[in-house]
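According to Swiss-Prot, the protein carries these features:
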- Arg15: site 'Transition state stabilizer' (SITE)
- Lys24: site 'Transition state stabilizer' (SITE)
- Arg164: site 'Positions MEP for the nucleophilic attack' (SITE)
- Lys222: site 'Positions MEP for the nucleophilic attack' (SITE)
Amino acid sequence: MNATAIIAASGIGKRMKLANGGCKQMLEIGGFSVIYHTLKAFEQAPSIHNIYLATRAESIPLIQELAASANIGKLTAVVEGGKERQDSINNCIKAIEVKRHQSGVTPDVILVHDGARPFIQPEEIEEIARLSLLFGACVPATRPKDTIKFIGHDPEFFGETLDRNRLVQVQTPQGFRSELLMQAHQQAEAEGWYSTDDAALVERFFPQQLIKIFEMGYHNIKITTPEDILVAEAIYQQLQAHGNATSEAASAS
């Protein structure tokens, strides 16, 4: 399979409360930056042939240097992000289209991922890519742990309680057959219609397209607030311990 990854890493992380508009993707977990962990996972996924990353203009040299030092050979382009996340993804799609015209090769699927989700695993990337090609679209999600309620007509009071059994919390990478995602972004740009994730674009412009749910564990968190760093360090240690245990078991067998 020929899969392409788009990584959105343009956010300034207001909720992270970083000084001087710092970039949350450059925060360290386990001695390595968040974006390093993210890039490494896609580098190690066999189906991923090319990676496109959108970031702030001033961060482009830093990302390129990091990728070179970490041997991220699949990083095809680092492009300037847009005003909104959707604009950043669209900038990457346009770069993919340029490469397609030059090479004559269209990726089978495109996976769109948040740069601030450092714990996606290569085997999960592979499965999402496979399901995206099979069904046309696939989005990872987790079951909510908390009860979720609507806000009432008076915003200071609750409305109805939602059935938790019919709810999921959506994550990334979200995978789509290439033409589906490209056309959804083209139509959204033409209409000036914005959403917070790519699945919503497909739902709007291709309502007949079913989106496969890929249920995930709770490790694939998005680094958003200062508290997430503490949680991320614990997840990193757990993943490291599991990896070492797996390696030792394989050596003993």
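Along the chain as shown, the residues are counted starting at 1.
Just so you know, glycine gets a Cβ as well, placed from its N, Cα and C.
Fair warning: this is a prediction, and the values are worked out from it, not measured in the lab.
A map of Swiss-Prot features onto the structure.
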{"residue": "Lys24", "record": "site 'Transition state stabilizer'", "Cβ neighbours (10 Å)": "26"}
{"residue": "Arg164", "record": "site 'Positions MEP for the nucleophilic attack'", "Cβ neighbours (10 Å)": "13"}
{"residue": "Lys222", "record": "site 'Positions MEP for the nucleophilic attack'", "Cβ neighbours (10 Å)": "18"}
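Each residue contributes its Cα atom, and for Lys24 (site 'Transition state stabilizer') and Lys222 (site 'Positions MEP for the nucleophilic attack') these two points are 11 Å apart.
Cα separation, Lys222 (site 'Positions MEP for the nucleophilic attack') to Arg164 (site 'Positions MEP for the nucleophilic attack'), rounded: 21 Å.
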